[in-house]
């Protein structure tokens, strides 16, 4: 496993240069976007819809840059990968479904890698036996990871980094040299969507964003948490620069392929395998181009195989809670991908492989909306990220990126259920094309993915709930203390009022008793001295004497 986890040495201090800590890791992650399936998707989109989807493809690329940068920040700040945090913050059911989505995304990447490389061998060597080609391809693209396990960890990491950098730079420069007059269409102001373009739009989404790359990216940068704070701050900027540089190269590749297909679409439409081959021959006119593309496919296939082993280990251990031995991660995904590829090649031949390459990105795109929610939730959590919590403006951008992926899936699901486009009829089997995935299965997966996305969106992180409960528990005693104080104050005021009223009543009673005593005393005085009153008889006698 040391040869496979050699990318850890790039993130640590044993890297030969500081740029290897960031750029080398990003190059290894970006190799997952270089496979024949994504190129064919871009060619088909350009040949059928021209420049109508360029603006949305740019938005997808910017969303990918944001998601990859936040994933790297999560790993550096928390010291845990995204899968570990999901297991800590979500229920077992949510983790299981997230793990299933990431596992299927990883499996479809393996299928696309094997099928694309097999088609490349078939075209270069003109060998018609697809079964043997698939066997040979599976052995070749999976042999290098085993070989690298014999090398030193540091040497293997440097080799993979140089190989990834060479592959990306060589492919970009090759496209620029072969198409020096690539047009830059400035008239594309707003995307033109239709039912026919929805399928291509879903596939273009995955040419920029892949689910399992989030978990891998957050894992390989975990060791950088031990760096000092000042060094970590500079690493954030270095990671952002590396991600922008690598994904700008990916966008440039997709744009050149799309624009070239749009210019050549008058002569060919990349709907079936032979038409796609004809279109690629018109774009890559140099006779050496097929060999160069095959070498690029083999190198990128090796990097994809290695990163998928890392992703498989993370997903099974943290999201499913199952610890598998190392050889299981080497063998199981490869065997499943090889069996899937051979089945479709046997049923439908080269056209079946071509349709499989187009279908794999669409399946991966169905899993994106629910998988980006944990990234944005964790990045906006102050309890988990501390002072590295993303700002309000970044939160707005993250919310817009989530809506972009969600609405793309909703439009796709609506077209499947109620539309009458060509690709919908192909899924239903009305056009005679090979049916790779039953129509009912596509409807079920798309509807279940949207429902699960809404379910995850309304379920907060456990740490957020705990923080809210602690805040409420800290506020409740304070509120209780204030209520007790108000109650005591009210009781004191009531007591004072009662005492005042009691004193008032006592004073009134005292005054009333005093006046009563005075009246009694005066009355008693009048009763005790009756001689003071003039006698009526004397008065009568006096009056009689006066008269006489």
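Each residue's number is its place along the chain shown, starting with 1.
In case you wondered, yes, glycine gets a Cβ from its N, Cα and C as well.
Positions annotated as compositional bias 'Basic and acidic residues' by TrEMBL: 494-510.
The feature compositional bias 'Polar residues' is assigned by TrEMBL to 536-548.
Here TrEMBL flags 493-521 (among others) as region 'Disordered'.
Sequence annotations record features per position, and here TrEMBL assigns region 'Disordered' to 529-548 (among others).
Feature annotation from TrEMBL assigns transmembrane segment to 20-41 (among others).
As annotated by TrEMBL, transmembrane segment applies to 53-71 (among others).
The feature transmembrane segment is assigned by TrEMBL to 133-151 (among others).
Residues or ranges marked as transmembrane segment in TrEMBL: 158-177 (among others).
Taken from TrEMBL, the feature transmembrane segment applies to 197-215 (among others). With a threshold of 8 Å between CB atoms, the same-chain residues lying at least 6 positions outside the transmembrane segment (197-215) that come near it are 29, 32-33, 38, 41-42, 44-45, 48-49, 52-53, 56-57, 60-61, 63-64, 67-68, 71, 81-83, 101-103, 105-106, 109, 247, 250-251, 254, 307-308, 311, 314-315, 358, 361-362, 364-368, 371-372, 375, 405, 408-409, 411-412, 415, 419, 421, 423.
According to TrEMBL, the transmembrane segment annotation covers 236-257 (among others). Same-chain residues lying 6+ beyond the ends of the transmembrane segment (236-257) with a Cβ under 8 Å from its Cβ atoms: 18-19, 21-23, 25-27, 29-30, 33-34, 38-39, 42-43, 46, 54, 57-58, 61, 64-65, 68-69, 72-73, 76, 168-169, 171-172, 175-176, 179, 182, 204, 207-208, 221, 283, 388.
Sequence annotations record features per position, and here TrEMBL assigns transmembrane segment to 288-312 (among others).
If you look up TrEMBL, you'll see 324-344 (among others) marked as transmembrane segment.
What TrEMBL records for 356-376 (among others) is transmembrane segment.
Residues or ranges marked as transmembrane segment by TrEMBL: 396-418 (among others).
Listed by sequence, the residues of this chain that lie at least six past the ends of the transmembrane segment (438-458) yet keep a Cβ under 8 A from its Cβ atoms are 90, 94, 97-98, 101, 363, 366-367, 369-370, 373-374, 406, 409-410, 412-413, 416-417, 427-429. Annotated transmembrane segment per TrEMBL: 438-458 (among others), in sequence order.
Counting C-beta pairs under 8 angstroms (sequence separation of 6 or more), the transmembrane segment (356-376) fails to reach the transmembrane segment (288-312), with fewer than 3 such pairs.
Simply put, out of 53-71, 288-312, 324-344, 288-312 has the most Cβ pairs sitting under 8 Å from the transmembrane segment (20-41).
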